[in-house]
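**Student:** Submitted below is the structure of interest, expressed as structure tokens.
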């Protein structure tokens, strides 16, 4: 059969023998070349396109021939010598794939392949990488490794031979023999009464000491209040003496003026005697009112009591001079 006139149709199959690879018609049950029977391993052929034929070739007016084929996927018309489509690369004769209906979803085939991984204590893992605990250690000779192992074994033996005194179980007997006087529940009532009396005495002592300290602390406060009351009384007496002296000076001035106006023609010794007689009871009143409480306050009051006398003398002198001038004019 010539290759030019060979046409693949749906259902044709390829011989499963790799050395043969002959394409047989769909109606054959055995290979036409090697005689091997058709099995399930034989792959079915599928035509990727169909020939256009003479009618379409005549309509193309010499552009295509009857052997040219049209692709089934993109419907492009390809030359007969092409084994693949010029547009979508679909093969002219393709192997028919099994239609299983599997789309590749999760657990679609129901036969999931589990990879069994064995965890070993080796130096390398399943991917051939060195484990972390072995990365920092330098590989030394076998003698050094043996020494390290011997040291580790000796350390374990020492740990086993440690002092086990803290794990002794015979300590309970020693505790039973200890002094149990503090746990005596049959103590007499006299001891309890003595303890109560001692507690009461200590409390009374603490209260008495507290009252003494409070009385001591209150004494300076009382002395302060007394000193404040004294200072206030002295200040009030000073203010009273000031007001009395001012009133006395005012009364003197008014009396002198009235006497000068009414008795211009009278003599001066009468005026002096009148002023001295009028001022003597007022001075006695001053002295009775302002009795100093301390020597410093007495000095201050003496100086203040002298000042109105000077004022009175000056006023009397002025009145005397006025009376003299009036007598001369007469």
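Any Cβ shown, glycine's included, is placed from N, Cα and C.
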**Student:** In Swiss-Prot, which of these is labelled phosphoserine: 120, 275, 279, 293?
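**Tutor:** Swiss-Prot records phosphoserine at 120.
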**Student:** If I look at Swiss-Prot, which residue among 30, 60, 188 would I find recorded as phosphoserine?
**Tutor:** 188
**Student:** Out of 153, 165, 273, which one does Swiss-Prot list as phosphoserine?
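**Tutor:** Going through 153, 165, 273 one by one, Swiss-Prot flags 153 as phosphoserine.
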**Student:** Rounded to a whole number, how many Å is the Cα of residue 92 (N6-acetyllysine) away from the Cα of residue 54 (N6-acetyllysine)?
**Tutor:** 19
**Student:** In the zinc finger (65-94), how many residues does DSSP put in helix, strand and coil?
**Tutor:** 0 helix, 9 strand, 21 coil
**Student:** Out of these modified residues, 18, 54, 92, which one has the fewest other C-beta atoms within 10 Å of its own C-beta?
**Tutor:** 18
**Student:** I need the nearest neighbour of residue 54 (N6-acetyllysine) among the modified residues 18, 120, 153, 193, using C-alpha distances.
**Tutor:** 18
**Student:** Just counting, how many other CB atoms are there within 10 A of the CB of residue 120 (phosphoserine)?
**Tutor:** 10
